[in-house]
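Okay, structure first, notes after.
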Amino acid sequence: MSPQTETKASVGFKAGVKEYKLTYYTPEYETKDTDILAAFRVTPQPGVPPEEAGAAVAAESSTGTWTTVWTDGLTSLDRYKGRCYHIEPVPGEETQFIAYVAYPLDLFEEGSVTNMFTSIVGNVFGFKALAALRLEDLRIPPAYTKTFQGPPHGIQVERDKLNKYGRPLLGCTIKPKLGLSAKNYGRAVYECLRGGLDFTKDDENVNSQPFMRWRDRFLFCAEAIYKSQAETGEIKGHYLNATAGTCEEMIKRAVFARELGVRIVMHDYLTGGFTANTSLAHYCRDNGLLLHIHRAMHAVIDRQKNHGMHFRVLAKALRLSGGDHIHAGTVVGKLEGDRESTLGFVDLLRDDYVEKDRSRGIFFTQDWVSLPGVLPVASGGIHVWHMPALTEIFGDDSVLQFGGGTLGHPWGNAPGAVANRVALEACVQARNEGRDLAIEGNEIIREACKWSPELAAACEVWKEIRFNFPTIDKLDGQA
């Protein structure tokens, strides 16, 4: 045994197991501006004190393990360990607590969402001492944010590229999502864009299947884009899904899209992975492509209130990793989404500085230090009667995306697009004239029906459609 080993082994090391809270629960700790801060909803197993549970989360997501180890003496735990610095009860929940954990910045690789999540939401979520664990929010410090490129272009650059201002953008997901040939798919794209939409979209699971290979789809969609642009005089786009089985194949598809001269590609960022997403975002910035992000698989992670991760964390991660659009729920459509919580993470996507606001689920003040913003996309079970509410909720910097609400029009795809464009223009004009969309929305739509038979037909078809189911993931304190 070397003298150095003898010295280290003899200075204060004692083998065995000790409580996590003795090392990792530090209520006296004052957080630093460079710390990554996390708010965890912790449900300890019966008999496990909240302080021990919170300390266990801090330990197992940073430097700790289940027993003391000799090599702790070879580093500075005080410099590198995570710290549970505050615990508070959850209103109305006797067995749940919010544990606040601070992580030193040196624990994380620069510019890597993958590495950040591997620590913070890694093995600790399977820890036996916890009945359930959910990451509610993260504070990303400016020092770490500055190591990321973020969205390829951002909101203002996108508007300049499209020459579209003063209103939400309109989109449509082509349906049926699977089974169409590339030529019929391109036809639907053309009809929707010609009818007045700004964008059409590949559904998230359209990649390169036997019925429609990706290269054929890209070619027919590009033809549809150029034809509709020539006929309308407007700039158009189609989200060509570049998601693939390998990063190399994904980039190959993005390269082909750029060669066709289209303006935007798409990625499924959770199923594709953050490493792939960041790589694609870098390619898109370097080559002038906008990047639309779909959040397929998010509800597996974020829907249950006591375990997993809230979507506001996934939204922050996407802004770091890179994307110009991301699906963010609708509040009024068929998919899960509490209004105040949704508005909270919509602001976190778009704004440069967002204050702590627990009434909207925002646990920490977030300074994005001029990282470009992301357009929230409202999509899922929406139609023309929802247009006033969507315009009022999401504002101008958003994409309102009607799939069935366009293609389900009784007269066809182009009239469906016309109906949505007329409804949107009517709502924007009414808002600009000072009318209250929340109160007068239905009246505004009825007035517009008088001079748009396409809108009148759409209103008749969907007048009884409602998705009145309670939200599962409500903010704390809501009934």
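Just so you know, glycine gets a Cβ as well, placed from its N, Cα and C.
In the three-state DSSP classification, Lys175 (active site, proton acceptor) falls within coil. For Lys175 (active site, proton acceptor), applying a Cβ distance below 8 Å and a minimum sequence separation of six or more within one chain yields Asp203, Gly403, Gly404, Leu407. Per Swiss-Prot, active site, proton acceptor is recorded for Lys175 (among others).
Look at Swiss-Prot and you will find Lys201 tagged as N6-carboxylysine, backed by sequence analysis. Around Lys201 (N6-carboxylysine), the same-chain residues at least 6 positions away in sequence with a Cβ under 8 Å from its Cβ are Gly171, Cys172, Thr173, Ile174, His238, Tyr239, Met266, His292, Gln401, Gly403.
Residues or ranges marked as Mg(2+) binding site by Swiss-Prot: Lys201, Asp203, Glu204. Under the DSSP three-state reduction, Lys201 (N6-carboxylysine) is assigned to strand.
Summarising the annotation, Swiss-Prot assigns phosphoserine to Ser208. The secondary structure of Ser208 (phosphoserine), as reduced to three states from DSSP, is coil rather than helix or strand.
What Swiss-Prot records for His294 (among others) is active site, proton acceptor. Mapped onto three states, the DSSP output places His294 (active site, proton acceptor) in strand. Listed in sequence order, the residues of the same chain lying 6 or more apart from His294 (active site, proton acceptor) and placing their CB within less than 8 Å of its CB are Glu204, Asn241, Met266, His267, Asp268, Tyr269, Ile326, His327.
Annotation source Swiss-Prot lists phosphothreonine at Thr330. Look at Thr330 (phosphothreonine): DSSP puts it in coil.
If you take the Cα of Ser208 (phosphoserine) and the Cα of Thr330 (phosphothreonine), they are about 28 angstrom apart, rounded to a whole number. For the Mg(2+) site, the Cβ centre of Lys201, Asp203, Glu204 serves as reference, and the other residues of the chain with Cβ at most 8 Å from it are Thr173, Ile174, Lys177, Asp202, Asn205, Val206, Tyr239, Asn241, Met266, His294. Around Asp203 (Mg(2+) binding site), taking its Cβ as the centre, 18 other Cβ atoms fall within 10 Å, counting all chains.
Neighbour counts of Cβ atoms within 10 Å were compared for the recorded positions Glu204, Ser208, Thr330, and the top value is held by Thr330.
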